[in-house]
């Protein structure tokens, strides 16, 4: 194509003219300016080709052809642009000194302003061109530029006007970051070289080849400014330009120096990592090379220590030097100089005897590894193409998708980068097997794949989950299995033909089989390491063998290339052919339907639904196996994508993980909603919400505007609230970038308070999901509440407030707790809540006239935030009020009735829930509400901080009876009177709990009467009567007299005039009489009830005599009364407030019944129906109605409640839930092995202490003549049954000393080597506590001894052998034991018999019958626990005499003689005891818990609020199935073992108040759900908070003539499915708690009485045994007592009637109890439930009750 002449461009403002350019023609279909990424390589090739063909032409003869124009252009036309770069950035052909460069002609024309401030240069436009100069011969880079090969016609061409240059030059990229500057400089230098300016670039010495001209300096300056913006330059570059902004050359020089320095460091590191030395070069030269590299790196700031340097050097040693790896591998502190001394020694020895073998000892494994056999005679080249990491025990293997099937032969160009620490077997070609074997030995006669990298071998793959093979000749029991889907790493399907077994016959003559899949679509046969591990085979890449767990070598591993291989010669061939398998697969697959076809046929349902339907036969004709599911995973249906398109969902877990580390109320989310339009000015238009990240507790505040001051006021309020109420400080607040949050006022406020604002990205609402979702939820609730209630829209924020209160109290499905529970607050008291918009009548305390109505209709909105009242909207006044003076308007149609739920109303429900809050409050008539619970196991059971401490201002007002009143409550003769709404107390009415919210519409007024077997522990019938049983009309009059009889003590002292009652009309049970009942206050009621004693054997009311209530039988003699008072006098029972006896008025006996069905309300769902109901007595109007509160879930009518579900009883789990594939859990190991304590212990000081303990143990074993040192036995000569493995274990004792113990592996000891009938006994903890208690009461001295190496004093009868200690180095020898070595099954029993015999024969002691390891004589008592002895004696010399006798035979050490009269501290079997003789004894574990609990990795909260109780009542353990993987399950079970193990140890030692929680959680160790773990953490947190608590004993009164042994019993009745009752007992000796027990009942109890009988039956045997022990140790008379709060149990024990024993289990137990009580002089007495300290053993209690029952004996 001919050249075309282009016109000059229009001049620029400086009047420069455009120079004419020349070039060879450019192909028309290629744009020379196109430098996009897709054409970069093509442009470079074209540039190189053009340069090679370039010739010089006259300036006037040729111009470059522009492919975008077909004809010559006018002067105004411009050259085309390419992407973001203007045309001047693309270097075109130019003259050496162009005439059009007058603007850049002289440096003086460059603006001299600071570069970083305002360069003010004139960037060249399309009219100006950059100069291009011939490249010089030298370049600053180590390698020439790929485009620097430009040549010129001759040297004289430089003098001509035109210069031969490149046709076009690609510009450098724009600099976008200071960190990218080093890489950008490289591209910029390349750009200069391609622009023929290579000569001006500084060389290695910092000087350019030639001087730069002014035009070149201008070009350099402008291009640098264009492509390197000042804001992206590094600091050091800006510093240079600040001095001289044109000094670009200095920047280039500095950059080249940095690149050279970095290159040198990289080269040194690579050289050091790839050191190779075999003695071929002098050792001096090798040492000099290595030390120079290390010194150079250290000087450059890269520190190489001796350990790393030695490892790198030893890794490169080969030949005769290779053994240095093994001889010095244990020397941890070896230096480089020491290593080179060994290298020099070997090198000199080689030089001295070059042709002889070296005389130093070589490692046998080295000789084996160095022997090679090559099939060719040429010298092989060892190539390690895949570098292995140092000290990596598991070598890298390849995945199937990484293996290429082409060009698999090793390349000679690959560099040897590094080798593993133990050099693996490497093959250099297919014939080099490296094991001395021929090729024919490792190949298989069957089909081989000739293109394999290593034929006849299987590739070991650690990433493959299945084994795959291409040949069918090794597949056994093959069958088609189309359901298996196999994908590679790119998620591509691998078709599977068949599945079968792959059988190995290893070199130890064992056969092993694994599953294998057949497919021809893989490059190599893959052997999965995971499937090998499943059959107990592991790959050891340090030895390069396959081995079993016991160390048996099965086959060698070959390393070839990058991968590891195993020979196929170990595979057993089969008779199956490839066509057989392929035909089977083909015949199966031909009948399959493609999944897209089925998907379309079944209405585009998803694959999971279709597959599940086919599996369950909901679709017939074809089965699941008839569908080809291979494409179901990746199949994307275009129609589904269009038709089912949805918005992007919120990303789960998108919040940053560090937020989880914040404590409660430290990280808040906030957002503002609004505005809401068309509202009155008084109504808020916005609200601002806050959510705590940890607890998810929410706050909302109304706003009228979004001004800075308004937002600041809210922030000030909530920060102060959190600080004062929760003692927390807010650290971070996350919010969006709205102006209300980004203003300067709020920013300064947050900065002043030390709060970090965390802003989300603009317009990214998903990043603010917590606050956004809360606003959406609250608005949904708001719309629903307004729609349901029909209230006006301006009350919208009240609906938001109501929703917030409720939402904070609802449990989250994820955390299983509510926000209030997370925040440590009590649950929401539903009795204080009304439906939103409930019609009420509000009392007008200030009417306009005395004759005006006092009631104003209103609608309840939400509980008040600032008082105990309610926020109520008054439409007539158009305002809201905060008041407690309201009553629910019944029978009034509300908005709820518009839905016509079969005309259902909720009046009775509201009465029952809010009976005590419906009333008007008259002036000065406010009374405190105190719920009572008399003679019940259920004291305060539901009072879980639900009641505030302040009194409630509540009274009731009369309303008209509703249509829902049961007709059975009226007869034709009855009068139309109003009824009193008596609210059922929370403590006894389970139907007010979460398990039953709403009652049945139909009610029955007939009381339910049951037999005595189903009564509560207080002896009351299950009539659920508050105080007394209901009486028939016939004996009503007689009951009046009974109320004034001896049923109530001191009845005459309390007159009716002192009560100030308000008479309330009530209806009798029969509905025929209406009587007036004086209204009684709560305190007065309690005073009257407390002394009332109903009869234990009382029959049902219809069979009663005239006196309906009969007191319990009292002692008939003064001595028995004294015994009862004596037993109870010294017990640490809680102090109750003094109460005055009270007489009940006659009409009060006719209160209607309250039907109570007790539910479980404990940690694990344990409940207790052993409770009386109580009455909340309030002042009421004379016109109040009486409404029976009786709820039965069985009578729920679903037709009457279409929109509300019936209440469901929540299931509680008290059984261990099934977990799939659960294997046995190994016990937790608390000791260290030899390698952990010594070999690899990095703590030098601790290691030295363990070494010292090791030698001490060995010396002690030799001293004690533990084994026969005269003869060592060969292992092969001894029966394996009699050989016991041995090991060293190390641990750190409580006193800080380090201990080593050489033990035998008794856990694998054969049963024939010991007598299974022998037992190892230790002192029972009850015996120790009894001895300590008697020691305190009798001023005994307590001496603590320790016998060193106790077991070694006992001889062994059996013939047993063990392995010698490792330091002897006799691995193949055995030694015969002579002593009872530690760890043997019989050692404990042998020692017990030895020390028992010595104490009896030599010390004159005798063992207490029934109490092993408790010895006594006339002066001394000894408690023996293995090698620990505790001596008790009134005379210290008696203890010293025993010590002297013991030292004659045993190495006895006195730990504490106990001779001081001041306080003495002991550490006895883990108990930290403080004992001052004759005064007190304190038992605790503060120091031990302070040390151990932090090591449990429990998230303790030392700075937060301390827990006041170990658990919360009302929490239930969910029964949902636990689905977690095996590793996580084992990890959590091990964690539970540690936590519950420590808690059990502490609980059974002295913290008996924790036993219930420990026992409940111990039942769930194998069910470690999140909820169980949280409860366990809470228990450990409570132990941490109360670690300083102690069991306090005080000396008994010296005047007491008898020892008093008492058992206090209690039980909680488990009346739910999957649940049993809980029983508990506490034992006291002379008023001191010595033991406790809490456990699940072994038998299913059908009533509370049975549970109580079970508890008593468990206590009596231990009580009798303790009685015998006390009598043996102290000769005083003993009084035995048993206390229970179940009157029915006492009645059964004392009664002679046997007719009511209906089942054989508890009937037998009851009869046995009668015999034991009568035959053992056991006193059984009743104790009030409020004083029953055993209550803590059977149920979780509220904080107040828990403290009341425990603060007397543990504090």
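Glycine is no exception: its Cβ is also placed from the backbone N, Cα and C atoms.
In Swiss-Prot this protein carries:
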- 671, 736: Mg(2+) 1 binding site (BINDING)
- 1-23: compositional bias 'Polar residues' (COMPBIAS)
- 48-60: compositional bias 'Polar residues' (COMPBIAS)
- 71-93: compositional bias 'Polar residues' (COMPBIAS)
- 127-152: compositional bias 'Polar residues' (COMPBIAS)
- 1005-1015: compositional bias 'Polar residues' (COMPBIAS)
- 1038-1053: compositional bias 'Basic and acidic residues' (COMPBIAS)
- 1054-1082: compositional bias 'Polar residues' (COMPBIAS)
- 1101-1111: compositional bias 'Polar residues' (COMPBIAS)
- 1610-1752: domain 'RNase H Ty1/copia-type' (DOMAIN)
- 416: phosphoserine (MOD_RES)
- 1-93: region 'Disordered' (REGION)
- 126-173: region 'Disordered' (REGION)
- 352-421: region 'Disordered' (REGION)
- 583-640: region 'Integrase-type zinc finger-like' (REGION)
- 956-1087: region 'Disordered' (REGION)
- 1092-1111: region 'Disordered' (REGION)
- 1130-1187: region 'Disordered' (REGION)
* Number of other Cβ atoms within 10 Å of the Cβ of residue 736 (Mg(2+) 1 binding site) across all protein chains -> 21
* Mean of the pLDDT scores, which run from 0 to 100, over the region 'Integrase-type zinc finger-like' (583-640) -> 79
* Asked: If you run through the region 'Integrase-type zinc finger-like' (583-640) with DSSP, how many residues end up as helix, strand and coil?
  -> 29 helix, 4 strand, 25 coil
* DSSP helix/strand/coil residue counts for the domain 'RNase H Ty1/copia-type' (1610-1752) -> 66 helix, 32 strand, 45 coil
* Neighbourhood of residue 671 (Mg(2+) 1 binding site), C-beta criterion under 8 angstroms, separation at least six -> 688, 689, 735, 736, 768, 771, 772, 774, 775
* To do: Please classify the secondary structure at residue 736 (Mg(2+) 1 binding site) using three-state DSSP.
  => coil
